[in-house]
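Features as listed in TrEMBL:
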type	residues	note
BINDING	GLY13, PRO14, SER15, ALA16, SER17, GLY18, LYS19, GLY20, THR21	ATP binding site
DOMAIN	9-217	domain 'Cytidylate kinase'
Amino acid sequence: MKTEKIPVITIDGPSASGKGTIAQLVARKIKFHYLDSGALYRLVALKTLQSHADIHDADQLAQIAKHLDIVFKNEQIYLEGAIVTEDIRAEQCGLLASQLAAYPQVRAALTERQRAFRQPPGLVTDGRDMGSVIFPDATLKIFLTASAEIRTHRRYNQLKEKGISANMADLLHDIKKRDERDSNRSIAPLGQSADARLLDTSALTISQAQDTVLSWYNEIVHKASV
Ligand SMILES: Nc1ncnc2c1ncn2[C@@H]1O[C@H](COP(=O)(O)OP(=O)(O)OP(=O)(O)O)[C@@H](O)[C@H]1O
Ligand SMILES: Nc1ccn([C@H]2C[C@H](O)[C@@H](COP(=O)(O)O)O2)c(=O)n1
């Protein structure tokens, strides 16, 4: 099958909006591959920390991104053979990922790696620029969001479930700061593109959000078949 014929659903949106949760559920339901693009930026951040690289040296960071030895397998993420699935979720990795994602060289080094996930029968992917830059011809593009306060509550509960204590005010501050950085960078900024559908999940359950994405996708597939 020609690559451009392989269906792609992109789910972009701000931090803790539920992109990853919904994208994974949808992918599982329709048996598509899944790409968490944020994990790639987080892996570059983790490797940067491990190797004490200079976070201001964009070319050095791009080399790290280009040569990352990573494997996604059975819901685990491996960096150079070691499981780092939980390590990359640390707030420090998220913040550094957001910083180095502003370097064009780093983004360019990850572009083809992301596109390689477009394999039959299809792909569901989440991030910040999946619909706007990486898969501009995606079948369905969604901008998934929720209010900053709701996202903070969700992140708080998520951390609590993992046994990690957090402060609601600090979390809200971090989420707003990250949104601002990701939205205001000059390259591939976070934002709803004109051809993306808005899905505000502030008042939706996970199941309702999942059903909305599936119904939008089915509607497109149905229209294309008549
Ligand atoms: N509609 C919803 N209602 C309630 N909780 C939700 C909803 N969607 C997601 N969540 C919960 O919110 C938390 C954050 O979701 P998730 O990690 O998927 O967000 P994300 O956008 O991928 O975050 P990040 O960009 O930081 O990776 C999870 O605990 C998830 O279960
Ligand atoms: N397509 C993407 C995905 C992620 N990033 C950057 C910006 C985020 O703050 C950071 C971590 O992402 P998360 O795991 O929280 O989704 O990575 C990006 O610029 N583009």
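Placed from the backbone N, Cα and C atoms, the Cβ positions cover glycine too.
The model shown is predicted, which means the values in this text are computed figures rather than measured ones.
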Contacting binding-site residues for ligand 2, chosen from GLY13, SER17, THR21 when the Cβ sits under 6 angstroms of any of its atoms: none
Cβ neighbour count (within 10 Å, all chains shown) around SER17 (ATP binding site): 28
THR21 (ATP binding site) - helix vs strand vs coil (DSSP): helix
Other C-beta atoms that fall within 10 angstroms of the C-beta of THR21 (ATP binding site): 19
Cβ neighbour count (within 10 Å, all chains shown) around GLY13 (ATP binding site): 29
